[in-house]
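Features as listed in TrEMBL:
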- 1-60: region 'Disordered' (REGION)
- 8-17: compositional bias 'Acidic residues' (COMPBIAS)
- 198-217: transmembrane segment (TRANSMEM)
- 244-393: domain 'Peptidase S54 rhomboid' (DOMAIN)
- 248-269: transmembrane segment (TRANSMEM)
- 281-301: transmembrane segment (TRANSMEM)
- 313-332: transmembrane segment (TRANSMEM)
- 339-361: transmembrane segment (TRANSMEM)
- 373-392: transmembrane segment (TRANSMEM)
- 404-425: transmembrane segment (TRANSMEM)
Amino acid sequence: MGRVEDGVTAEELEDWDPGTSALPAPGIKQGPREQAGTGPLSQKCWEPEPDAPSQPGPALWFRGRAHTQALAGGSSLQQLDPENTGFIGAETFAGLVHSHELPLDPAKLDMLVALAQSNEQGQVCYQELVDLISSKRSSSFKRAIANGQRALPRDGLLDEPGLGVYKRFVRYVAYEILPCEVDRRWYFYRHRSCPPPVFMASVTLAQIIVFLCYGARLNKWVLQTYHPEYMKSPLVYHPGHRARAWRFLTYMFMHVGLEQLGFNALLQLMIGVPLEMVHGLLRISLLYLAGVLAGSLTVSITDMRAPVVGGSGGVYALCSAHLANVVMNWAGMRCPYKLLRMVLALVCMSSEVGRAVWLRFSPPLPASGPQPSFMAHLAGAVVGVSMGLTILRSYEERLRDQCGWWVVLLAYGTFLLFAVFWNVFAYDLLGAHIPPPP
C-alpha cells in the first residue's frame with residue numbers, strides 16, 4: 001500500500017488506534033473561527049494554515065485497522081474541503097463512507113447528520129468531527145445537535161429488531177432516564193456491561209446484611225429503634241456522638257425496621273441502578289453520599305436532640321433528581337405511563353415522610369429517648385433538585401465546564417462549612433439539652 005495523499009502514510013494509519021486517540025493532523029491548527037451563517041457550532045474549529053497540506057479526515061470515523069486501510073487509498077481533506085474553509089460537507093462525507101461499504105456507528109452517524117442540520121450550509125466543523133470520534137461532547141456540541149431542523153433519518157430504538165434480553169434492558173434504561181432520542185441512541189450503542197453498576201447494588205446489599213445482623217441480635221424486625229440496645233450501635237448518628245465524624249455517613253446502613261429498609265432498597269434498585277448505568281458510578285455515588293451527608297448535618301442543625309438512621313437522605317436525593325429531570329424534559333421523555341408513575345412516586349415519598357414525622361412526634365410505644373428525625377428526607381430532596389438535576393442534565397458533558405455546577409457546588413460547600421461550625425460551637429452556646437448517648 002502506498003502513501004496517502006498529501007500527508008500521512010498508510011503505515012502510520014495502521015498504527016493508529018481509533019479508540020484511544022485522534023488521527024494526527026499536520027498542517028492544521030486550532031483556533032477560533034467565526035463564519036457568517038454557519039449556525040450554532042462550536043467556537044473552536046480547525047482552520048487550515050494557508051499553505052498546509054490536507055489531511056485524511058475520513059479515516060477518523062472507523063474503529064479498526066481494516067476500515068482505516070480501506071480509506072487510505074487516496075481520500076484526503078482536500079476532496080472534502082477543497083476551499084480550505086475548515087468545514088466539511090456532511091453529505092459528501094457520508095457518501096464517501098458508504099461508497100466503501102463500511103459500517104458506521106449508528107449513534108455517531110446520527111450525530112453527524114444532526115450537526116450538519118444545525119448549520120445553514122449543511123457542514124460540520126473539523127473540530128466537531130474530532131470531538132465526535134473521541135466521544136467528547138461539550139455544551140456547544142450538544143446545542144448544535146439540539147438545533148438540527150430536520151428529523152433524524154433513522155427510526156427510534158423502539159424499532160430495533162432482534163435484541164437480546166440484556167440489550168432490551170439497556171434500551172429500557174435509555175428510555176427511562178434520557179430525554180433525547182440522540183442521547184438514547186448514543187448511550188445504547190456505546191453501553192458496555194463492564195463495569196457493572198456496583199455502587200447502588202453494594203450499598204443496598206450492605207444495608208440488608210447490617211439489618212439482618214441487628215435483627216437477629218436484637219430479635220426485633222420492626223421499630224428496632226425502640227430496643228434499648230439499638231442506639232449503642234457505632235453506626236447510628238446521635239447528637240451526643242457528633243464528634244465521631246464517621247457517624248454522619250454510616251447511619252445510612254441502619255434502619256428503623258423492615259418497612260423502611262424495604263422502601264429504600266426498592267427505590268435504590270429501581271431508580272439508582274438505572275441512573276448509575278447511564279451516568280456512571282462517580283456521579284451517582286457523589287449524589288447519593290451528598291444527600292446522606294446533607295441529611296445528618298441538617299438534622300444536627302434543625303432537630304438537635306434527635307438521632308438519625310436510614311439511607312433516606314441519599315434515596316430522596318436520587319428520586320427527587322430523577323423526578324425533576326423528568327419534569328424539566330417532559331416532552332422528550334418516552335417512558336410509558338410517566339404521569340401515573342410520577343403521581344405514584346410522589347404519593348409514596350410523601351407517605352414515607354408523613355410516617356417519619358408521626359414516629360418522631362407521636363411514637364406508638366413509650367420510648368426511652370427521642371425518635372429518629374425526618375429532616376434527612378427533606379434535605380436529600382433539596383440536594384437532588386439542586387445538585388442532582390445539574391448532574392443528570394449534563395449527560396456526557398464534563399461537569400467542570402458547567403457554570404451551574406460550580407454555583408451548586410459552592411452553595412453545598414457553604415452549607416457544609418456552616419454545619420461544621422454549628423456542630424462545634426452552637427450546642428454549647430445555645431445550651432441545648434442533649435439526651436445522654438447510650
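Yeah, the Cβs are placed from backbone N, Cα and C, and that goes for glycine too.
Unlike curated records, TrEMBL annotations are generated automatically.
The transmembrane segment (281-301) shares the most Cβ pairs under 8 Å with 373-392, out of the stretches 198-217, 248-269, 313-332, 373-392. Mapped onto DSSP helix, strand and coil, the domain 'Peptidase S54 rhomboid' (244-393) counts 110 helix, 1 strand, 39 coil.
Regional average pLDDT for the domain 'Peptidase S54 rhomboid' (244-393) in the model is 90.
Sequence-distant contacts of the transmembrane segment (313-332), counting only residues of its own chain at least 6 positions beyond either end whose CB sits under 8 Å from a CB of the stretch, comprise 177, 179-181, 203, 252, 264, 267-268, 271-272, 275, 284, 287-296, 338, 342, 345-346, 349, 376-385, 387-389, 391-393.
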